Amino acid sequence: MGKISNQELIQKISSKFADRVSTFSEPMGLLTFETSKEEIIEVLTFLKNDLDFNFLTDITGIHYPEQEMPIGVIYHLHSFRQNVRVRIKVFLEEQNPSIPTAFNLWRGADWMERETYDFFGVQFEGHPDLRRILNMDDMVAFPMRKEFPLEDPNRVDKKDFFFGR
Amino acid sequence: MSDIKLAEAPPGIEGSGFFATSFDKVVGLARANSLWPLPFATSCCGIEFMATMGAHYDLARFGSERPSFSPRQADMLLVMGTIAKKMAPVLRQVYIQMAEPRWVIAVGACATSGGIFDSYSVLQGIDEVIPVDVYVPGCPPRPEAILSGVLRLQDLVRNEPMRRRNSDEYKELLNKYGIQ
């Protein structure tokens, strides 16, 4: 099988999901579209089983505080046989964002979802073991959200006092 | 004849068939010249330490011939590299596993102060979790600087009173870190 074009993919996805997917774009040639948390598992299942996107490259998050739906969950899929990738974005509300888990489609989603939970606080419903993976267990904040200060508040050697201010 | 230089005897009173000095000085001499290092290397400072242990700089010249990879038999903990907050309990556990007397050298900017990693995830200096005897500056420090740090530590060890580890001040220091 050769490489499938983005236009073909858009056509196949649109004819299946119609207005349940939106905002198609191709930044740097990478097909990108948005969907909702109600549709995401159906979209992923369709891509995996019918369009042969066998590999889940990554699940990650993003935070745009100025948007109405500020927390994003981003899926990257790769089809080895067709040599093509897609990116799917789902935006969620800021308070207690939650989305169904992709663990049942790809076991590799386990740690990716834990990481997204760790840094953005997204609850993945149905995940078998959703706890922090990289940060300390006793951390209470979600550090990649924009309101979180990145600098360590315990550090004293940068205080103005030491610079005569 | 070999040109091996022996450690100089401490000052004392010498006569025919005897030599008298204080016990502190003899023990200090022995300890200072057989500091067994425990490298706790997490990043680039560890690479400099490898050079320090190698043939060219040869830390073994100063009595640190045997790097101990078990904390139980080590005297000198060398912390080299960035310590993430998640790593802090591990470092603390390693320190607790070491037997007294034990000393700690913080090698490089990260172990000393967090260095360039002024971040929520990085420990801002290992002296937040364990007491430190000598700080070596540099990012990373040259092997000469690490050697200098070890020599400064030898000065501390040589002059440490026997009673220090039983003193109230020392217990208070450890209590401050929550170590019994």
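Even glycines carry a Cβ here, placed using N, Cα and C.
Bear in mind that TrEMBL entries carry predicted annotations, made automatically and left uncurated.
Over in TrEMBL, the protein carries these features:
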BINDING   B:CYS44, B:CYS45, B:CYS110, B:CYS139  [4Fe-4S] cluster binding site
DOMAIN    B:44-152  domain 'NADH:ubiquinone oxidoreductase-like 20kDa subunit'
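Distribution of TrEMBL features across the structure.
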residue: B:CYS44; record: [4Fe-4S] cluster binding site; contacts (Cβ under 8 Å, 6+ apart): B:GLY81, B:GLY108, B:PRO140
residue: B:CYS45; record: [4Fe-4S] cluster binding site; contacts (Cβ under 8 Å, 6+ apart): B:MET80, B:GLY81, B:VAL107, B:GLY108, B:CYS110, B:ALA111, B:GLY138, B:PRO140, B:PRO141
residue: B:CYS139; record: [4Fe-4S] cluster binding site; contacts (Cβ under 8 Å, 6+ apart): B:GLY108, B:ALA109, B:CYS110, B:GLY115, B:ILE116
Using a 10 Å cut-off, grab the number of neighbouring Cβ atoms around the Cβ of B:CYS110 ([4Fe-4S] cluster binding site), all chains included.
27
For the domain 'NADH:ubiquinone oxidoreductase-like 20kDa subunit' (B:44-152), provide the mean pLDDT of the predicted model.
92
Residues close to [4Fe-4S] cluster site centre defined by B:CYS44, B:CYS45, B:CYS110, B:CYS139, Cβ within 8 Å:
B:SER43, B:GLU48, B:MET80, B:GLY81, B:THR82, B:VAL107, B:GLY108, B:ALA109, B:ALA111, B:GLY115, B:GLY138, B:PRO140, B:PRO141
What does DSSP give as the helix, strand and coil breakdown of the domain 'NADH:ubiquinone oxidoreductase-like 20kDa subunit' (B:44-152)?
46 helix, 15 strand, 48 coil
